[in-house]
Every structure is written in C-alpha cells, then in structure tokens.
2 protein chains.
Amino acid sequence: MIKVAVNGYGTIGKRVASAILAQPDMSLIGVSKTSPNYEAYQAQKMGMSLYVTKESAKEFEEAGIKVKGVLEDMIREADVVVDATPNGVGAQYKQIYSSMGKRALFQGGEKANVADVSFSALCNYDEAVDKKFVRVVSCNTTGLLRTLCTLNKMSKITKVRGTIVRRAADPKEVKKGPINSLIPDPASIPSHHAKDVNTVLKDLDIVTMAVIAPTTLMHVHMLDITVSTSVTREDVLSVMKSTPRILLASSKSKVGSTAEIVEVARDMGRNRNDLYELIIFEDSISVKGNEVFLMYAVHQESIVVPENIDAIRAVSGFSDGRKSMEITNTSMGIRTGYLV
Amino acid sequence: MIKVAVNGYGTIGKRVASAILAQPDMSLIGVSKTSPNYEAYQAQKMGMSLYVTKESAKEFEEAGIKVKGVLEDMIREADVVVDATPNGVGAQYKQIYSSMGKRALFQGGEKANVADVSFSALCNYDEAVDKKFVRVVSCNTTGLLRTLCTLNKMSKITKVRGTIVRRAADPKEVKKGPINSLIPDPASIPSHHAKDVNTVLKDLDIVTMAVIAPTTLMHVHMLDITVSTSVTREDVLSVMKSTPRILLASSKSKVGSTAEIVEVARDMGRNRNDLYELIIFEDSISVKGNEVFLMYAVHQESIVVPENIDAIRAVSGFSDGRKSMEITNTSMGIRTGYLV
C-alpha cells in the first residue's frame, strides 16, 4: 500500500483524497486544512484524519473539529505527499517535503521548475517513474495534452493553434467574476497554456489564446491541429472513441453545451458531478487537408484527479503506466466512448 | 437628399434611423414597427414618423401612439428602404420593395442570395454602387471583414483560422440564455461566419469556430491570419492605428475586457453606449513568422450601423466609397487610433 498525505483540502485536494480512498493499492494518511470551514467539517464526517498547522490548531479546537496532529506528523507517516495548496504555495512547502525525504506531487499552479518533470499520464507516465518531485499540469493543459498525445499516436502533430474559453470561477467561489464580460486572459499571445504544453511536449509548435467568460461549469477549447499525414474524420473519431478518459458528446443525445454535460454527470450519479474525462463535441471533429479541428469541454475541478493518482504510482516506482491508468479508471468509474 | 425608410425598429433599425438623421445628405421618411412597445413610444417622442401594418393600426391607436400611415405609404415615399426586420423576414418583404421599384438593404440575418451583393464598406463599397439590393453582413462578419480587408492592404492574406466567442443575448433581451454555460454554436465546423466572409472575399481560405458565452455586451474574436509576406508587429499596429472604424484598447489605459470597453463608451457620451468601431486589444497583436494573431471585440448592436449608412449611399449611386465613409464617420463621431 502506498501511504499518501494530501496537503491542502480545497477543490483539488478533496477530490484527490476521495480518489485515493477508492484505490486498491493506496491508503490515505490524512488531509491538511488551514481553516475550519464547511469542507473541514465534511472531511471529519467522512472519517478522514485532519492535520493542521501549529498556529491554527486552537481555531479548529474551538470550532469543535477534532485534529489528529500537525502537518509534519502527517508528512512523516506518508510515502508520497500530494501538494494541493494554493498556486505558488506548494513551492514554499517543497523544502519541508524534501528535508523529510518524501516524494511529492505539485499542481499546475506551481511553476514547472518546482519539479523534475511535468506530468500528463497519456503523454509521459514513464518519465515520472521513480522521480522525487512531479508536477501534474493544470486542468487546461491536461485537456490539451490528453487530446494532442492521443492524436499524435495517429499522425505526428506538426502545429497546434488553439483558443481557450475559460470559466470565470469554480461553482463554490463567491468572490470572483466577471458577471457580464469577456476578458482576454492574458491579452498577450501566446497564453501560458502553450508554454505549459511545451513542458511536456518540448518541441511542439503551439500557440494558444485565452479569454475568460462568465460561467462556472467547464472550460471549452477550440483546436486547429496540423498533422503530418493525411487523415480522415473517421480516423480521428475512431481514436477518440477508443481512448480512455475521453468521451464524445453526440448530437444524437442532444448534449450541446457545458450545462448539459454537467447535467449528465449529475444524472450519472457522479460524486460532486465530476467529469474526469475530456468531453469532445462529436460534431465538431472536422478535417480539412492536414488540419484536424475539434471542440471539447474540460471539467476544471476534476480532470486532473486521475492524473494525480497515476502520478502517485509513478513516483512510487510503479512502472507500468497503462496498468496504472487501468486501475485508476476502474476504481473511479472513468469511461471510454460516448458520454450518453 | 436620399429619402430613406427603415422597415423594422428593433436593435438595428432604431440605430440606423438615428444615424440617418445625422447625415447631411439623407432624410428619414419614417420607421415601421409591428407592436406598440417602449421603442415605439420612444420613436414617437423623438419625432419620427411611425408606419404600421394595416392589421396592427388599431393596436397602436389604442396604445395612444400616433401613426402616420401604413407600411406601403412609407415605402412609396422612399428612395431606399433599409430592411431591419427579424432574421429571414426581410426576404419575405423583398417582393414588396421590388414591386414598388425601390432599392433596399437587407441585414446579415438574411441569406446571402436575397441581394445582388453582400457588403462591407472597407472591402467592397464599389461593388454595391447602383445595385438594387444589397445585404449588409452581420456584426461578426463585419468585424472579420474590417480586420481582414485592412490587413490585406498590408500583405495578401492566404489563410485565416478564427474563433468567435459570441454574446448570448443583447442587453435588452429578457428571454434568451444561457445564464451559465458555454454552447458551441454550431458544434460543427466551420461556423457560418467563414462562409459569410466568403460572400465578400470569395476565394479566401477561412475556417471559423464559434461558442456562445453568457454575456450581453460584445463578441470577442481570436484570429490567426497567415499573410504572404513577412510582416512585423509594428506593421500591423501601424495599419490598425491609421484605419478609420478601428480603435486600439491599450493596456496602458487598463481597458482589458468588454465591460471596460463599454464603460468607456458610456463615459464618452456615446448614444446607447454604441461602439461603431472594432476594438482591438493592442497587446494581443502578435506576429510569428507569416502568422498574425490578434483579439478584438465587436459591439453587436452597432458595428453594422455605419455600414448601412454607406450602403444607402452606394445603392443611390454615390460612387466614392472613401468619401462616403468620411461623411458617415464625421457625422457619427466615429474615430481612428486609440479608444482612450
């Protein structure tokens, strides 16, 4: 059993913790939290061990939340720490993980140089095997890489031009906007997503542009991918249909928007209506000469969760990436083929 | 004086009517309206002559709105009819305009074959001169064409790949959505915008993808334009800075979103906070080899208004497009250079 600690119990941390509990080969030492909010109460109710910083212990006690120990106690017990602290904070914790001799995963909000390798399971599982520090790329980059590494198997990609319509805030957030605006983010080109893809696919010619839209459910990407050989729409459909962690939203099912995709997740009984899969709008898959066009939606809260699980195995020395993904997919109910 | 009648007094019709009143060489015969709503009251207050269909005359009378006559009376008095009826309805009126021997403009919601020529002033004013029926392309297509015909002067465009983030509804609409979703519209590729650009730039290799976002203010386009010669960012900036009906939003002014652009229009004292100009985010202008990238915002309610005014002159035989645009720009306060 791989003993895992989750440092940070927010949007990503709580999902990774739930996913760890579902793995046959992992155990959850506990989760750490900095403030005794509703998520801390919920973690306690679910029977997770809570660890806090020394400074916040009293606050938790006053809130009636039982604490198992301080952060360092949790890290000491673990083989691997999943850092799910806010953007940029992970780098500050690296020193602690390192001094305690622990392997650690960081999230995409950290700079790439925080880790030995940036990770996307379908692209470069092998590179992460036995590494000390691995960074799981962000939700948007995970969406891009999952698509590109899948297509790359069919025909070598020579150029990618993409635009990203980003969700403004997560559903739980109450302080972010916009409410009624479109914000180029950044206005400069390329957006950081292209550079982040290059941390994994190092020599790829990729340019991305991004805009924020007032919605909370999912991101949408629109890609124009140039490949080195002539392919057909059927080739693309076929590879997408048979790749795990990718689902197709068919027009037949009348799923034509992010709202309807999330409604399907709710109807499917998914925890927190999470969608670990990339959701490609089937009708959007088009081919013109050597260019493949497509549009897909990315569930920003959960798409990186299975990637974290695989990365835990990789840093622990589990060398069979395909097998790791199979275990992750089975344990989490992650599907292949059509959404509906 | 060119005598103009405006059939339909909605989002576009009311703006075109206001713009006609500002022209030194045009007179407004009147506007037609089908229901006695707040816009009809406002038109009456502004002293415009209202014409209605025979069937709705009684309804207007009961609402206390004075009617000058029926639709046919208005058309009879006019040299040119601007059809601003809802999408697809214009084609039904064409028979009436034709049988009464009138020249007419249609809007972009009509199919291209409703008219002899699809029109964008900077691209093909000359083609519309003396034509009987002209279709002013839609707001998004106007934005695309204004950009492409401007860049084309600098270096011949060989390929365009673009994505369009569409506003969900106009500010006045109360029955449309989405409220919290992104909708590929259409999911299939290319979107109709590429085809519509081809009604004016007939041989251009262009592919567009479009998604609807929950916002009401403006559309945003993200373009990747391949040109036939090597150009610099400064070349692009320079041509954009000196082209009328295009404004640059500089990062120095801290205008970085559609909400802030519209706020500037309000502060400028623009009628209805209209922005007849294309607003390019200056920081987005980038060059990579022969590719020019940029992002801009399109005010969907008003960008086609100056185009309608120029088209009125063109169909009336005014052959100097540059002069027509100058008159339109001066009369409407349309600017060149920087937004702020």
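Cβ from N, Cα, C; glycine included.
Database features, via TrEMBL:
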type	residues	note
ACT_SITE	A:C139	active site, nucleophile
BINDING	A:T11, A:I12, A:G109, A:R167, A:Q300	NAD(+) binding site
BINDING	A:S138, A:C139, A:N140, A:H193, A:A194	D-glyceraldehyde 3-phosphate binding site
DOMAIN	A:2-139	domain 'Glyceraldehyde 3-phosphate dehydrogenase NAD(P) binding'
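Known features from TrEMBL, placed on the structure.
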residue	record	Cβ within 10 Å
A:T11	NAD(+) binding site	20
A:I12	NAD(+) binding site	26
A:G109	NAD(+) binding site	18
A:S138	D-glyceraldehyde 3-phosphate binding site	23
A:C139	active site, nucleophile	25
A:N140	D-glyceraldehyde 3-phosphate binding site	24
A:R167	NAD(+) binding site	25
A:H193	D-glyceraldehyde 3-phosphate binding site	25
A:A194	D-glyceraldehyde 3-phosphate binding site	22
A:Q300	NAD(+) binding site	24
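The residue listed as 'active site, nucleophile' and A:A194 (D-glyceraldehyde 3-phosphate binding site) are 13 Å apart (CA-CA, integer value). Across all of the domain 'Glyceraldehyde 3-phosphate dehydrogenase NAD(P) binding' (A:2-139), the predicted model scores a mean pLDDT of 97. Within 8 Å of the Cβ centroid of the D-glyceraldehyde 3-phosphate site, not counting the listed residues A:S138, A:C139, A:N140, A:H193, A:A194, the chain contributes A:G108, A:V137, A:T141, A:T142, A:G143, A:L144, A:I164, A:S191, A:H192, A:D196, A:V197, A:T208. For the domain 'Glyceraldehyde 3-phosphate dehydrogenase NAD(P) binding' (A:2-139), the DSSP counts in helix, strand and coil order read 58 helix, 33 strand, 47 coil.
The two recorded residues, A:G109 (NAD(+) binding site) and A:S138 (D-glyceraldehyde 3-phosphate binding site), have Cα atoms 7 Å apart.
Taking the centre of the Cβ atoms of A:T11, A:I12, A:G109, A:R167, A:Q300 as the NAD(+) site, the nearby residues of that chain (Cβ within 8 Å, site residues left out) are A:S138, A:C139, A:D170, A:E301, A:V304. On the backbone, the CA of A:I12 (NAD(+) binding site) and the CA of the residue listed as 'active site, nucleophile' stand 10 Å apart.
In space, A:Q300 is the closest of the binding-site residues A:T11, A:R167, A:Q300 to A:N140 (D-glyceraldehyde 3-phosphate binding site), judged by Cα positions.
Comparing C-alpha positions, A:H193 (D-glyceraldehyde 3-phosphate binding site) sits nearest to A:C139 among the recorded positions A:T11, A:C139, A:R167, A:Q300. Per Cα geometry, A:Q300 is the residue among the binding-site residues A:T11, A:R167, A:Q300 nearest to A:S138 (D-glyceraldehyde 3-phosphate binding site). Between the residue listed as 'active site, nucleophile' and A:T11 (NAD(+) binding site), the C-alpha separation comes to 12 Å. Annotation note: A:Q300 (NAD(+) binding site) sits in a coil segment as assigned by DSSP. A:R167 (NAD(+) binding site) falls within a strand when secondary structure is assigned with DSSP.
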